[in-house]
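The following features are taken from TrEMBL:
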- 18-30: compositional bias 'Polar residues' (COMPBIAS)
- 209-218: compositional bias 'Basic and acidic residues' (COMPBIAS)
- 1-30: region 'Disordered' (REGION)
- 196-218: region 'Disordered' (REGION)
- 271-305: repeat 'WD' (REPEAT)
- 315-356: repeat 'WD' (REPEAT)
- 401-435: repeat 'WD' (REPEAT)
- 501-532: repeat 'WD' (REPEAT)
- 533-566: repeat 'WD' (REPEAT)
Amino acid sequence: MDLLSTEYDSSSDEDSTKISTKRTGLGSANSQLVKRPKIDLAPKVSLEDPRLSNSILIKPTDTQINVNIPYDDMMKPVAGPANPYSTKVMNQNVLTGHVEEQVYSEASFKTQQRTFTSFGYALDPSLITSADGVVGKGYVGDVEKAIAMNGATIYDPTPKPANIPKRLPKGDSAILEGENAYQGPWVGYEGENIGNPVGPPEGAISTKTETETKSKKEIESGMERTIFHGKSEYDYQGRTYMHVPMDLDVNLLGEAGTQECFIPKRCIHTWSGHNKGVTAIRFFPRSAHLILSSSMDTKVKIWDVYDDRRCLRTYIGHNKAVRDITFTNDGKRFLTASYDKYIKLWDTETGQCIKSFTTGKIPYVVKFNPDEDKQHIFLAGCSDKKIVQFDVNTGEVTQEYDQHLGAVNTITFVDENRRFVTTSDDKTLRAWEFDIPVVIKYIAEPHMHSMPAVTLHPNKKWLACQSLDNQIVIYGAKDRFRIHRKKRFTGHLIAGYACQVNFSPDGRFIMSGDSEGNIWFWDWKSCKMLKKFKAHDNVVIGCEWHPHETSKVATCSWDGLIKLWD
């Protein structure tokens, strides 16, 4: 024990114990107090080698180093093999990994960006310090061009190519004509042929005559023709298709609008004969036993509505698409307006072209004066912003209405045919006295859009205008031509298309096609949408309500079809 006490000294100097000694066998009765240190059987022993006190013994997650590490140790490679399957980035600072920040001035970046845009090459930011002038290193893009231009930027002078033509001398400013005349800044370069005639000499090229330059398919004025589709133009009583059938349940010679009308439900017939889209349809005046159609295939056809429902006659006389058609009051003649800038008057029964009219501009709309004593006068709205008045008997222009600022789209007679209303691409509505080229009413509001289709209500009091902001607006047809703000028909999509508006003969319903091939019906009094159904595969450009049937409606579309609904 004494040996242990000498080897393992107690760490506490304060603790002392009183040890009483017993008497030995000698019978000693005396006692004695002795101070001895406390024995610690588990002392704090350091296992570290003193030689490793200056080495890196830290975990990868530690953020503090307690010793000064020599430079050689810091530059040693990472101990152990790399994990080829590890996707973890130790110092990830962006979503996809680690991005090292570099100091690069904004001016230098812009310079290299513009150099790359102009020359096709730029300095590689990651190799700027390691390029050391080695060929092919330190650039991105067209490296060969960068070597050829010696790495010049847009601000550095670049070597000029050797094949630039030399500029001619400006000449002497004192000489105006002749040799060494002053050319000034307009002097050219060597080898230019500007100002010198080129090609074969005059007279060597044979010029074609006007007849040779015209296409073989073009139809000249006076060369119009017609085709009758059927066995005979006359029946056993010598009547043509102009005769109104009397063996029907409907009185086709009665007054229109006397019967209550209903919305049609299904398609009962489809006329197909046009090769391109149909642009307009018109029922035969008063009886409506025939229907006239114009098309983009330059042809006009007339169809039977009741008997065989077939095409009766084709009128061929235009070189371009037919834009508009209109009948006279008796239906014996009709006008066609085409994009070939001609307006032609046809005989409905024989198919003969009676006369041609033109102003050299495209007619967009034609309209006869509805008065019986003025059936020889018609108006044409043209692309040159004018409404032109023609006399059929003389073929001359008798009046011009020139106030619009855009192409004229519609002409509608109101107030017992003493006035007419026109709309135009200039987004205005103007009213005129017939035969007086002065505007009596001018309507233009900032919220107004162009109105390419206008229809008169059967009671002659209102005008329904198809506005290109996908709504039908109503204007009064009397003296003041005020807008009816409480009547507005919406829901359909017609922006960009001149879809025709029409009324039922009794005036209870208003209908219109749309750009998606649908036909829409609204109630005139409540302005509520009553029905909408798919009618065609393309835009429904025209619709007409039969004047004597309660629910028969004809529609035409750019899909080339005409459909009859009931």
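Glycine is no exception: its Cβ is also placed from the backbone N, Cα and C atoms.
Note that the structure is a prediction, hence the values are computed from the model and not measured.
Among residues of the same chain six or more beyond the repeat 'WD' (271-305), those with a C-beta under 8 A of the stretch's C-beta atoms are 241-242, 244-245, 252-253, 256, 311-316, 318-331, 334, 336, 338, 346, 348, 500, 538, 541-542, 544, 546-548, 554-564.
Sequence-distant contacts of the repeat 'WD' (533-566) (same chain, six or more residues past either end, CB-CB distance under 8 Å): 250-252, 254, 256-257, 259-272, 274-283, 286-288, 291, 293, 295-296, 303, 305, 309, 497-500, 502-505, 511-519. Non-local neighbours of the repeat 'WD' (501-532) in the same chain are 256-261, 263, 453-455, 457-459, 464-466, 472, 486-489, 491-495, 538-548, 553, 555, 557, 559, 565; each lies 6+ residues outside the stretch with a CB under 8 Å from one of its CB atoms. Here the repeat 'WD' (501-532) is broken down by DSSP into helix, strand and coil counts: 0 helix, 18 strand, 14 coil.
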